[in-house]
Amino acid sequence: MNKPFSCIGIVGHPRHPTALTTHEMLYRWLTAKGYQVIIEQQIARELKLEGVQTGTLAEIGRTADLAVVVGGDGNMLGAARVLARYDIKVIGINRGNLGFLTDLDPDNAQQQLADVLEGDYFVESRFLLEAQVCRQSGTPRIGTAINEVVLHPGKVAHMIEFEVYIDENFAFSQRSDGLIISTPTGSTAYSLSAGGPILTPSLDAIALVPMFPHTLSARPLVINSSSTIRLRFSHMRSDLEISCDSQIALPIQQSEDVLIRRSDYHLNLIHPKNYNYFNTLSSKLGWSKKLF
């Protein structure tokens, strides 16, 4: 039996009234069941709750042992990059579109979450990527990503030229619109749209997926997650950027390299006991059903 939870954080950035309804339902239901509940500050303001315990994401990460994220995958990504630094488990209620990371159906969330609170769940450890934009001297600019790190032009889309080194060994040079470096978690996101492979969550692997390469021989490459990836630029005619989960942008200047590696942090994502990854793929991607 899994360890029971005692302190639960409610997280999310509500964009419409139905999401706020879910936040309020969760708060009142969990407090009625006797749990200590910390609600993210913005949600408490939106709901006009008074006399409640509120906190930032970091404070929830330090204090709670479970965070419930209400929203879509974008909300989950933003919260997860912070919560992954702490010893806290995370589960999501889907109020977005696809919801690869948010398992719970909002119409049945209370019953599904009740089962989880009784210990009827399992934990998946999802690793993050760390991207550093650095030069020979000076402090690097650092970002982390749950899904992917993307090299792309900063303003106007155009072809860029760069070299890729894996564990400091030259791998290939490329002329393309950019490069997606994806975790298994991100393999069903931007990487999939660019023709990248789907990596099951338990794989210790990273996918390198070219974006519109100017050669037919450029193909996605899957490497061990323990590898370090370095991107080098011989000359830069315009601003380039590294983006993390399409939420954090790090500009790249002349004479700077980009270093990408597996982060020391990981996300403790929990699922209901009846969760099946391949059922999720089938339903979200519209795969054909079983024939017999």
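Every residue, even glycine, has its Cβ placed from backbone N, Cα and C.
As annotated by Swiss-Prot, active site, proton acceptor applies to ASP73. According to Swiss-Prot, the feature NAD(+) binding site maps to ASP73, GLY74, ASN147, GLU148, HIS158, ARG175, ASP177, THR188, ALA189, TYR190, SER191, LEU192, SER193, GLN247, an assignment based on sequence analysis.
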The residue listed as 'active site, proton acceptor' versus ALA189 (NAD(+) binding site) - Cα distance in angstrom: 10
C-alpha spacing of ASP73 (active site, proton acceptor) relative to SER193 (NAD(+) binding site), in angstrom: 16
Of ASN147, SER191, SER193 (the binding-site residues), the residue whose Cβ has the fewest other Cβ atoms within 10 Å: SER193
Those binding-site residues listed as ASP177, ALA189, and which of them has the most Cβ atoms within 10 Å of its own Cβ: ALA189
All-chain count of other Cβ atoms within 10 Å of ASP73 (active site, proton acceptor): 24
Between ASP73 (active site, proton acceptor) and ASP177 (NAD(+) binding site): CA-CA distance (Å): 25
Candidate nearest ASP73 (active site, proton acceptor) in space, where candidates are the binding-site residues ASN147, HIS158, SER191 and distance is Cα-Cα: ASN147
